[in-house]
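**Student:** Checked Swiss-Prot, it gives:
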COMPBIAS  1-20  compositional bias 'Polar residues'
REGION    1-24  region 'Disordered'
BINDING   Lys28, Ser29, Arg33, Ser174, Gln176, Asp322, Lys349  3-phosphoshikimate binding site
BINDING   Lys28, Gly101, Arg129, Gln176, Arg353, Arg397  phosphoenolpyruvate binding site
ACT_SITE  Asp322  active site, proton acceptor
Amino acid sequence: MSSTHPGRTIRSGATQNLSGTIRPAADKSISHRSVIFGALAEGETHVKGMLEGEDVLRTITAFRTMGISIERCNEGEYRIQGQGLDGLKEPDDVLDMGNSGTAMRLLCGLLASQPFHSILTGDHSLRSRPMGRVVQPLTKMGARIRGRDGGRLAPLAIEGTELVPITYNSPIASAQVKSAIILAGLNTAGETTIIEPAVSRDHTERMLIAFGAEVTRDGNQVTIEGWPNLQGQEIEVPADISAAAFPMVAALITPGSDIILENVGMNPTRTGILDLLLAMGGNIQRLNEREVGGEPVADLQVRYSQLQGIEIDPTVVPRAIDEFPVFFVAAALAQGQTLVQGAEELRVKESDRITAMANGLKALGAIIEERPDGALITGNPDGLAGGASVDSFTDHRIAMSLLVAGLRCKESVLVQRCDNINTSFPSFSQLMNSLGFQLEDVSHG
C-alpha cells in the first residue's frame, strides 16, 4: 500500500481464542496532566502508574527544560517538585513535543501567559496537524503566537504576555482546545469560560479541582477562576480506556474469548466506545467499580459476541474519538452494516484515520465505503481474507487496530511503520501475546 520505508513491521495472524487478565497501558491524558499540574502546584506531587510512552516522556522533558525537578523513582512512579504558577523558567532550547498533539496544544495555552519566550515543535506528523483551533482563542485573550500558515501550523513561537479572560464559544468539542484555554486562564485574573457544542473529556477539570482550583461546570460550559492556589497531590493513574479498546474489540470478535481488563478508567466523557460496542451486542461487564483520585475505575470482563451493525449517533463521537480506528475493525466483522457519521475530526489526527482504516481494511478484504464524515461498513462475521501488507501511516492507533484485525484474517497480515505504537502503548505486543495474540516483529526478516 505504500512505497514509504516500512520501519517496524509486525505480523498478525489468526488465533483460536483469547483468555487471561491484563492491565492495559496507563491513561495518556491523565499522565500528561499529572506532569503539568504537578509542575504548577506548590510542593510535591507523587504519581504512580504514569504512562512511560514517548508522548508523556516528551512532556516530562519539556518541564525539566523549564526548571522543574521530576524524579523517576520506579517504573511508572515519579516525584514532581512543583514551583507554583509563576515558577517556570524560560527554556534554553526548542521544546520538541514529538508526536503529541495533546502536549503541544496544552503547552501552547500554558506558555502564552508565561513571562518568557518559547518555541514548540514536533515530528513531521505533528507539524502538519491543525493548531489554529487553539491559537485563535488564545489570541483573543491577548496571546502572541506565531507559526507557519498564519499560526495554524507548528513550529509555534510564543512570546508570553499578560492575558485577559474571555468567554469562548468553541466550534468543536475538543478537550485539547478546552484545556489550552483553561491553562491560559490559570495565569489570568478573573473568570475564563469555555462553551462547547458537546461535552468533551473532562480530565483537566477533575484534576484541577483535586489540586485546589475553583472550576465551575454547567453542562457544556466550564469556568475557571484565575490564580488558584494549587497544592501537590498523590495521583494514581488508571489504565487508559483507549488502550483497553484494542483487547476489548479483539475478544469480542474472536470466538471463544473471555478476558479481564483491570483498573480501566471509566470517566463518562471517555466511555463512548463502551456504549457503541454494547449497542452492537457486545458482552462487556463492569466489575469492581470504584473511584481512584476523582476518576471512576472498573475491571472489564469481555467475552466473544456476535456483533450487529449499528448507525452511530454523532453526539457520541467526542466521547469515542480516539477509539474509532479499532471500532472500524469491530464493524468490519459484525453482521450487517454500520454507519459512522459526524466523525470528520478523524481526518486531522496523527493521520487521516478514516482513509487510513478504509484503505487498510479494504486491503484485508473488508467492504467499506468512505464518507466525508465517516464510513459505511458492511460487516462479514466469517472473517476477512488478509494476506496483505498494509501501511499504518506511522499512526499508533491505526497500527494497533490493523493488528487486531489480523486475528480474524484467513491469511496473516503485515502492518508496516508500527514504531509509533510506543507513543501510547509500549507494551502492546507483549500484553496482547499474553492473551493469545500471534504478534511477531519481522522488521529485520
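Here, residue 1 is simply the first one shown, and the rest follow in order.
Placed from the backbone N, Cα and C atoms, the Cβ positions cover glycine too.
Give me the lay of the land around each of these features.
**Tutor:** Counting every protein chain shown, the number of other Cβ atoms lying within 10 Å of the Cβ of Gln176 (3-phosphoshikimate binding site) is 22. Gln176 (3-phosphoshikimate binding site) falls within a helix when secondary structure is assigned with DSSP.
For the recorded site, Gly101 (phosphoenolpyruvate binding site), the DSSP three-state label reads helix.
Around the Cβ of Asp322 (3-phosphoshikimate binding site), 23 further Cβ atoms fall within 10 Å across all displayed protein chains.
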**Student:** I want to check the contact list for Ser174 (3-phosphoshikimate binding site): same chain, sequence separation of six or more, C-beta distance under 8 angstroms. What comes out?
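**Tutor:** Once residues fewer than 6 apart are set aside, Ser174 (3-phosphoshikimate binding site) is near Arg133, Glu196, Ser200, Pro318, Glu345.
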**Student:** Within 10 Å of the Cβ of Arg33 (3-phosphoshikimate binding site), how many other Cβ atoms can be counted across all chains shown?
**Tutor:** 24
**Student:** How would DSSP class Ser29 (3-phosphoshikimate binding site) in three states?
**Tutor:** helix
**Student:** In the structure shown, with every protein chain counted, which of the binding-site residues Lys28, Arg129, Lys349, Arg397 has the densest set of Cβ atoms within 10 angstroms of its Cβ?
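**Tutor:** Answer returned by the neighbour count: Arg397.
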